[in-house]
Amino acid sequence: MNTRVLTGITTTGTPHLGNWAGAIRPAIQASTQPGVDAFFFLADYHALIKCDDPARVARSRLEIAATWLAGGLDTDRATFYRQSDIPEIPELCWLLMCVTGKGLMNRAHAYKASVDQNTAKGVEADDGVTMGLFSYPVLMAADILMFNAHKVPVGRDQVQHIEMTRDIAQRFNHLYGREFFVLPDVVIEEEVATLPGLDGRKMSKSYNNTIPLFEGGARALRAAVSRIVTDSRQPGEAKDADSAHLFTIYRAFASQAESAQLRAQLADGMGWGDAKEALIQRLEQDIAPMRDRYDALISNPGRIEEILQAGAQKARKLAQPAIEALREAVGLRNLTSGPVQAAAGAKKAAKGARFVSFRDDDGSFRFRLLGADGNELLVSGSHADPKAAGALTKRLQQPGVAVVTLDGLAVVASLDGAEVARGAPAADAAAADAQAVQVQDALASLAQ
Ligand code: TRP
């Protein structure tokens, strides 16, 4: 089977150079590789979480779609669609919501950041937090699991969401007794370094330091480049390419030979004005032909609409049978489809406690013990080796091997006298005792 690569872009803004070099260009490049099936989409339901300006969402959908197409995406090969054209995605989202622990969502960085900001401001923790924002990772899981993507290229800020997707997929697979979902892997492309903006920070709309990709044409591009911050060295003075973000941007577009040349010219005293001119020339070489295609597309939205509709049809050919099978699995069946044929073991599994492994932000491997209701009972320490973590879960499941104790109000599970996992502290001693019993029951139920 081909590798399915899937990624989406939230439609709230106008694409800038950083979006192009950091996300769209490498994705288009990946879609041309043999053995790859690419799924690229406009995350327009996600846009509603961040933006309640209909005109902006509408405009952004058009601009981002036109950017993918102008950039050369082959929509016969790749599947290119709008999230909101696939009703199976929100449907799957609901099925996933119903197996996702609220506690898992409480841990999401984006949500926690909102809570922290609110706390700092002295307002209520959930002030301004919508259910859309809170459950955003579940919608993202639905995007990914709908098409059983193997690889999901994203920025660093999204890694946790892919981990959560794996968590949710494992839980669904386990509850309903079959490998319905592939567990996706995150792809962080180290080579496509995040582009710095005019001021050297990451190029981002929120820092107001972007270089437009197509918007405003060649003039706007030139105007932005002229505002790139440099040091105060004069023409004739030697300049260090590596400490100039102007050079970092150049390098993201140029060949190695071209970069080496500019580096040497800077060392030789090229003035910043000339360096900016060189950057503009190099950018234009790539962007000018795309800009023509982009302008033509933007002025013909009907053509883009057609392409997206065709993409939606292609995507739904996969989504429809998949959601059918999932509805069947959870019991949403045609009443005439005969006696209830629960998937073998599904019922038993649904009642079971289980271990779920995950990868921590720091790259280490850990696991959780979840109770039958899906609540987290224990979390393990960190392990560099996933096998070491796996071996511990095996031993914990052997009858009578694990020792469960209380450390204050927290339940601790130990092997050979060493702690391997612990629970969150309970509210009081009675709750702590109850948790210890739950852990013992869970381990006993897992003992073969
Ligand atoms: N949340 C992603 C972002 O802000 C966009 C996105 C939505 C996405 N669904 C996705 C990315 C599924 C990858 C896969 O960047």
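Cβ from N, Cα, C; glycine included.
Neighbour density for T12 (ATP binding site): within 10 A of its CB lie 21 other CB atoms from the protein chains shown. Annotated ATP binding site per TrEMBL: T10, T11, T12, G18, N19, G155, R156, D157, L195, K202, M203, S204, K205, S206, in sequence order.
According to TrEMBL, the motif ''HIGH' region' annotation covers 11-19. In the motif ''HIGH' region' (11-19), helix, strand and coil residues by DSSP number 3 helix, 1 strand, 5 coil.
Spatially close to D143 (L-tryptophan binding site) yet at least six residues away along the chain are L6, G8, F41, A43, Q83, I89, judged by Cβ distances under 8 angstroms. As annotated by TrEMBL, L-tryptophan binding site applies to D143.
Annotated motif ''KMSKS' region' per TrEMBL: 202-206, in sequence order. With helix defined as DSSP H, G or I and strand as E or B, the motif ''KMSKS' region' (202-206) counts 2 helix, 1 strand, 2 coil.
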Neighbourhood of L195 (ATP binding site) by C-beta distance under 8 A, where only residues 6 or more apart in the same chain count: L17, G18, A21, G22, K202, M203, T248, I249, A252
Listed binding-site residues adjacent to ligand 1, that is, members of T12, N19, R156, L195, M203, K205 whose C-beta is under 6 A away: none
DSSP-derived class (H/G/I helix, E/B strand, else coil) of T10 (ATP binding site): strand
CB contacts for M203 (ATP binding site) [other CB atoms within 10 A, all chains]: 23
Neighbour count (Cβ, 10 Å) for N19 (ATP binding site): 21
Most crowded position, judged by CB atoms within 10 A, among R156, K205 as binding-site residues: K205
